[in-house]
């Protein structure tokens, strides 16, 4: 049975960020910054409440009589109680022999084109730990992108405008960045396990390191770009946020309406149609929050029973990073054109170059992960290197086709001029084979 390290990491980030945010908000209050205090508390307490609801919903405590658990969640102590419960189950699992076990069937990764199916016994204790890990993974994603990401953006914006970074603010920004990166990492792992549910997935440590570097560069660059743009064009940033929000929020619903599928009713039996709609809207909001800052790795599909698309779409990945890179470049250009005196001692061209290189570095680590460290890379129809080689061949072929056509066209023009200058009584004529070859080559 695996040690529940992911549960411990989720609880640590939750407690550390909440404590740092409450401490910093008291500092803002003593300094008279009421607006910064209110926003800091909002981005701290809102994800706390959502995390409590998530843990309560995943464990289905609504249908069970557990008043103490409900009270602890109302007091915002639910994650601590769940973590204590997880470690009690973990340390007691080896002492008691379980009379009832369930058997799960998983397929191994193909070796030499063959994939074997293996059976594994899962006891009640291990099943409970799996449920707890799943609940804390989802809670970490919610905390990261509905709380930590806005919190990091806010605190960095305050630091830029005040031209000062205090110890409390730097501590909160560091914890928030770690929380976002960890949430994005959990998104990648959840996406892999959902898409390849029938396989036994084992993620290697180097894969975790590669994902961590990929997400760190991507998220840090995105947050800095948004803060720089907000510091010079406060009104226009609202337009950028609304465009991003409605684009990602409406996209899954537009696909659902175009598919003509019936409204999903099998999310939770205890939920009514209104409750199902609220849950779907919340999932869409979370999906939007993730894509505002980084690639979600999970595509929301409302017409699917699992609500997740299990197909890996390279085209969507390519389009997302191309559009996001262009958007970041445009925002940095606008910041460079309208920057104020607070950036007097900042080398603006160098900063723009560093941010663009940082985003390209994130894309590089992403490609390295999918090429070398993805646990299910053997199931891909084509790898990253093969796709790049195909694109390079097409590009070289197009360049080769354009180069021969230009001089041949000049030779044809010169030969036609010579033919016009030749007297009509002359029997000399150009060979038709030359024109035929040129026309065939250019048409090809």
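Note: Cβ is positioned from N, Cα and C throughout, glycine not excepted.
Annotated transmembrane segment per Swiss-Prot: 3-23 (among others), in sequence order, evidence recorded as sequence analysis.
The topological domain 'Extracellular' annotation in Swiss-Prot covers 24-37 (among others) and is backed by sequence analysis. Across the range of the topological domain 'Extracellular' (24-37), the DSSP-based residue counts are 12 helix, 0 strand, 2 coil.
Among the features that Swiss-Prot reports, transmembrane segment is placed at 38-58 (among others).
The topological domain 'Cytoplasmic' feature in Swiss-Prot is assigned to 59-68 (among others). Restricting the average to the topological domain 'Cytoplasmic' (59-68) gives a pLDDT of 70.
The transmembrane segment annotation in Swiss-Prot covers 69-89 (among others). Long-range contacts of the transmembrane segment (69-89) within the same chain, counting only residues at least 6 positions beyond its ends with a Cβ under 8 Å from a Cβ of the stretch, are 4, 7-8, 10-11, 14-15, 18, 48-49, 51-52, 55-56, 59, 61, 125, 128-129, 132, 135-136, 139.
According to Swiss-Prot, the feature topological domain 'Extracellular' maps to 90-140 (among others).
Note: residue 115 (phosphoserine) has non-local neighbours 107, 108, 109, i.e. same-chain residues 6+ apart with C-beta under 8 A of its own C-beta. For 115, the entry in Swiss-Prot reads phosphoserine, with the evidence type similarity to another entry.
According to Swiss-Prot, the transmembrane segment annotation covers 141-161 (among others).
Here Swiss-Prot flags 162-171 (among others) as topological domain 'Cytoplasmic', drawing on sequence analysis. Proximity of distant same-chain residues to the topological domain 'Cytoplasmic' (162-171), defined by a Cβ-Cβ separation under 8 Å and at least 6 residues beyond the stretch ends, is recorded for 20, 23-24, 27, 155, 342.
Summarising the annotation, Swiss-Prot assigns transmembrane segment to 172-192 (among others).
Annotation comment: Swiss-Prot describes 193-208 (among others) as topological domain 'Extracellular'. Residues 106-109, 118, 185, 298, 306, 308, 310-312, 369, 373-376, 379 of the same chain lie 6+ residues outside the topological domain 'Extracellular' (193-208) yet bring a C-beta within less than 8 angstroms of a C-beta in it.
The transmembrane segment annotation in Swiss-Prot covers 209-229 (among others).
If you look up Swiss-Prot, you'll see 230-235 (among others) marked as topological domain 'Cytoplasmic'. Within the chain, the topological domain 'Cytoplasmic' (230-235) has long-range Cβ neighbours (under 8 A, six or more residues past its boundaries) at 157, 160-161, 334-335, 338-340, 342.
Here Swiss-Prot flags 236-256 (among others) as transmembrane segment. Among residues of the same chain six or more beyond the transmembrane segment (236-256), those with a C-beta under 8 A of the stretch's C-beta atoms are 226, 229-230, 284-285, 287-288, 291-292, 300-303, 327, 331, 334.
What Swiss-Prot records for 257-277 (among others) is topological domain 'Extracellular'.
Sequence annotations record features per position, and here Swiss-Prot assigns transmembrane segment to 278-298 (among others) based on sequence analysis.
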For the transmembrane segment (278-298) against the transmembrane segment (172-192), do we get 3 or more Cβ-Cβ pairs below 8 Å once near-sequence pairs (under 6 apart) are dropped?
yes
Quick one: do the transmembrane segment (209-229) and the transmembrane segment (141-161) reach 3+ CB pairs under 8 Å, ignoring pairs fewer than 6 apart in sequence?
yes
Leading contact stretch, 38-58, 141-161, 172-192, 350-370 vs the transmembrane segment (3-23) - CB distance under 8 Å:
172-192
Let me spell it out: take the topological domain 'Cytoplasmic' (299-317), skip the flanking residues so only those 6+ beyond its ends count, and list any with a Cβ under 8 Å from a Cβ in it.
191, 194-195, 197, 252-253, 255-256, 259, 261, 264, 266-267, 280, 283-284, 287, 380, 387
By a Cβ-Cβ criterion of under 8 Å, what residues six or more beyond either terminus of the topological domain 'Extracellular' (339-349) are in contact with it?
160-161, 163, 231-232
